[in-house]
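**Q** Got a structure for you, written out below as structure tokens; questions coming shortly.
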């Protein structure tokens with residue numbers, strides 16, 4: 001809501017007072033680090049979603065360099081499909097931190113560095129760490145037939161549509177003759 005009075009200073013001061021409750025709410029309910037980290041993880045995982053003529057939904061998620069053992073596909077309460085995992089540093093680079101610590105220790109001890117040292121990245125653009133994407137599934141999704149396939153760095157999750165219910169046929173009720181008829 002904008003206020004406009006003849007005096008621009010008064011208008012600005014009044015506007016600032018009106019915005020104070022909103023700013024206070026933002027400060028008191030600031031997002032946690034975990035929330036911010038999860039939001040980044042969700043935003044940085046590219047995904048395509050398409051619907052096939054059969055009504056099945058297919059999700060394709062790019063995961064280059066991720067081991068299939070590090071990928072998790074699950075359906076949460078409320079028909080929400082969650083795809084999560086972790087891209088880990090290559091095994092040959094895992095010693096980089098240990099090498100760095102060893103190098104610092106040698107420098108502190110005044111020793112010579114004749115041993116193998118850790119990898120030093122000159123540029124690191126590929127994101128390492130955890131990732132997650134959530135996708136709400138339609139009510140018509142057949143949760144028992146979800147399939148996930150990992151090939152060439154792409155995870156493809158297929159969610160089939162439930163078949164339509166068969167139309168109910170009229171039920172025929174057998175008429176029986178009672179014992180006390182016509183007495």
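Backbone N, Cα and C define each Cβ position, glycine as well.
Bear in mind that TrEMBL entries carry predicted annotations, made automatically and left uncurated.
A quick note: this is a predicted structure, and the numbers were derived from the prediction, not measured.
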**Q** Looking at 82-116, 117-151, which one is region 'Disordered' according to TrEMBL?
**A** 82-116
**Q** Quick one: average pLDDT across the domain 'SHSP' (38-176), no decimals.
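**A** Here the predicted model's pLDDT, averaged over the domain 'SHSP' (38-176), is 79.
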